[in-house]
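Undergrad: According to TrEMBL, the Mg(2+) 4 binding site annotation covers B:Asp26, B:Ser41, B:Asp71. Look at TrEMBL and you will find B:Asp26, B:Asp71, B:Asp209 tagged as Mg(2+) 3 binding site. Residues or ranges marked as Mg(2+) 2 binding site in TrEMBL: B:Asp43, B:Asp71. Residues or ranges marked as Mg(2+) 1 binding site in TrEMBL: B:Asp43, B:Asp118. As annotated by TrEMBL, substrate binding site applies to B:His50, B:Asp259, B:Phe315. For B:Gly117, B:Asp118, B:Arg144, B:Ser211, the entry in TrEMBL reads ATP binding site. Sequence annotations record features per position, and here TrEMBL assigns Mg(2+) 5 binding site to B:Asp212. The domain 'PurM-like N-terminal' annotation in TrEMBL covers B:24-136.
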There are 2 protein chains.
Amino acid sequence: MAHEFEVIARYFTPPMPNGVVGGGDDCAYFSVSPQHQLATSADLLLEGRHFFPDVDPYLLGRKSLAVNLSDLAAAGARPLGCLLSLGLPTVNQEWLAAFSRGFLELAAEHGCPLIGGDTTRSQADLTIGVTVFGEVPNGQAPLRSRAQAQDDIWLTGELGAADVALRYLSGEWPLDGARLAATRSTLENPNPPVQFAQYARPYMHAAIDVSDGLAQDLTHILTASNCGAQLWYEALPIHAALLGLDASSQQAAVLAGGDVFQLCFTAPATHRDTLQKLAQNHGILLSRIGCITASSGLQILDAQKQPIALTRLGFNHFSAST
Amino acid sequence: MAHEFEVIARYFTPPMPNGVVGGGDDCAYFSVSPQHQLATSADLLLEGRHFFPDVDPYLLGRKSLAVNLSDLAAAGARPLGCLLSLGLPTVNQEWLAAFSRGFLELAAEHGCPLIGGDTTRSQADLTIGVTVFGEVPNGQAPLRSRAQAQDDIWLTGELGAADVALRYLSGEWPLDGARLAATRSTLENPNPPVQFAQYARPYMHAAIDVSDGLAQDLTHILTASNCGAQLWYEALPIHAALLGLDASSQQAAVLAGGDVFQLCFTAPATHRDTLQKLAQNHGILLSRIGCITASSGLQILDAQKQPIALTRLGFNHFSAST
């Protein structure tokens, strides 16, 4: 077994970047800039729960890191590094080569080097644990509790595509090949706005990444900040592939669809132009989708300013099987 | 499902300690002391691989953190906090209450607060991912690569008990109730010398925690430091419960038994008295078990200075089933 695991280690042992020591030691060591706090988050990805067993391993490698980078984006943090723990039911070199290529490519794209981790044999299911580290200037993190009445609510990227792809791939909806083709990469290769978030952070009050559905995730901000919000359905950036779906399916995918890994944040209205310019510079679609209110509760209004009733608040992905 | 997971979150949401913000946010934020590096490590514990399904959940909670604290001990790091990711096949409140009590008790004992994490439903196996954070003064970590010829080799605690307990519990050896009773807590409730290690760190050259067997783990230091070592079998602190085992079983347990979670380190001979006094002050058994040599290779000598041939270098726990 030792030999096998030496082979595995090879895929995940790039040279340590400058300033990081202890690669292969019990701990990895790195520095946080003076006057900065460490921002950290860990996510577990489990076979059958967060990904299908037959998913493209290259894309799975990317997504395993991407969902964690999305947490750094919500912190407006500069990535410093990551740890990867793998529980493998079998040792498949082809799979490992593709998975590690995807993981390390995305790590390089975001300057978030793999600095440590752990590989072990699992009993049955493939298990992926990732921890990311970033830094933010002291006290400057856009906490969920920092939204203020009158703030604009902003969203990067588009909504609904990942949810739709998941419904086709899980067999919940009868297959529509064209629509699956148009949405699948949003589910399997999410692209959180990590760099934009660092530049936009000084203008943010509160931020969250959309992982469990816009309505549910925004509600976390409202609860933590003790305020409410109006969302304008007409202003939501709905993925083009959702055109032609019946209204209720579309609404569910847009408002409650998970796996988005885009950023929802609040900011004072004075920063509107600055934020739009920043988004443009970073090639990010940025939409102003509502506003924070002093009274509590989330109100979602249609084009006629009529409230939309949410039948499903948040989408727990793969929950059908539990 | 959301409701269930709110219940779970309750078990794992102690109040955030001073200086930590963002509990419940996408990231947790904390500071590293000026002139210090962050030391971090992540470990995955998988059912059937690292623990038996029916293990006492209170002890499993403690061990899940202990094996990670052991990595901080090997760094001589002061604990700052930890993240816990849980993949649960079912939601058993009694189990969760005991597991979280064990985890949080040990966290409190070591000043290593739980500051974030993630709970999800797993398909079949219980999955536990822990990441720990500590700090060490810049450049002062006892890296595996820092051993020097003539260094003493030191070991905290005792050897062999965890390996013996595992053999009984796995059914590999016919049950000996008395010997299992005498060794079981070493396997199920390891106690890494985290505080001693912080005080001893300034005197260490290289350090490693003994998780895969003394001979194998020491070899990692030798390889990284490009040197060799002599180990004196007579000087090894063998757990009393191993008396009466046949010589070959005893040797295997002592030299190659895993799950020890004690500290092996090297230090210049000038620090002998200081280290022994420190160990006494911390109530730690500390044994001088050998010395680093300029020539490569690990030599293990018996009482007659004759080399002992190792039949099994390292013990990959639970490896029988793979």
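Glycine residues also receive a Cβ, built from the backbone N, Cα and C atoms like all the rest.
Keep in mind the model is a prediction, meaning the values are calculated, not measured.
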Undergrad: According to DSSP, which of helix, strand or coil covers B:Asp259 (substrate binding site)?
TA: coil
Undergrad: Using all protein chains shown, find which of the binding-site residues B:Ser41, B:Ser211 scores highest when you count other CB atoms within 10 A of its CB.
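TA: Of the binding-site residues B:Ser41, B:Ser211, the most buried by Cβ count within 10 Å is B:Ser41.
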Undergrad: Sequence order please: the binding-site residues B:Gly117, B:Asp212, B:Asp259 that have their Cβ under 8 Å from a chain A Cβ, otherwise just none.
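TA: Among the binding-site residues B:Gly117, B:Asp212, B:Asp259, the ones whose Cβ sits under 8 Å from a Cβ of chain A are B:Gly117.
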Undergrad: Fill in the CA-CA distance, B:Ser211 (ATP binding site) to B:Asp259 (substrate binding site), as an integer in Å.
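TA: Answer for this pair: 5 Å between alpha carbons.
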Undergrad: Could you put numbers on the helix, strand and coil content of the domain 'PurM-like N-terminal' (B:24-136), residue by residue per DSSP?
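TA: Its residues divide into 35 helix, 45 strand, 33 coil.
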Undergrad: I'd like to know which of the binding-site residues B:Asp26, B:Ser41, B:His50, B:Asp71, B:Gly117, B:Asp118 sit within 10 A of B:Asp209 (Mg(2+) 3 binding site) at the Cα level.
TA: B:Asp71
Undergrad: For the residue listed as 'Mg(2+) 5 binding site', find which of the binding-site residues B:Asp26, B:Asp43, B:Gly117, B:Asp118, B:Asp259 come within 10 Å, Cα to Cα.
TA: B:Asp259
Undergrad: Work through the binding-site residues one by one (B:His50, B:Arg144) and point out the residue whose CB has the fewest other CB atoms within 10 angstroms.
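TA: It is B:His50 that, of the binding-site residues B:His50, B:Arg144, has the fewest other Cβ atoms within 10 Å.
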Undergrad: Measuring Cα to Cα across B:Gly117, B:Asp118, B:Arg144, B:Ser211, which the record gives as the ATP binders, how far apart are the two most distant ones in Å?
TA: 32
Undergrad: Rounded to the nearest Å, what's the C-alpha distance separating B:Gly117 (ATP binding site) and B:Asp26 (Mg(2+) 4 binding site)? Just drop the number here, would you?
TA: 9
Undergrad: Please compare the binding-site residues B:Asp43, B:Asp118, B:Asp259 by how many other CB atoms fall within 10 Å of each one's CB, and tell me which has the fewest.
TA: B:Asp118
Undergrad: Does DSSP put B:Ser211 (ATP binding site) in a helix, in a strand, or in coil?
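TA: Coil, per DSSP.
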Undergrad: In the predicted model, what is the mean pLDDT computed over the domain 'PurM-like N-terminal' (B:24-136)?
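TA: Mean model confidence (pLDDT) across the domain 'PurM-like N-terminal' (B:24-136) is 94.
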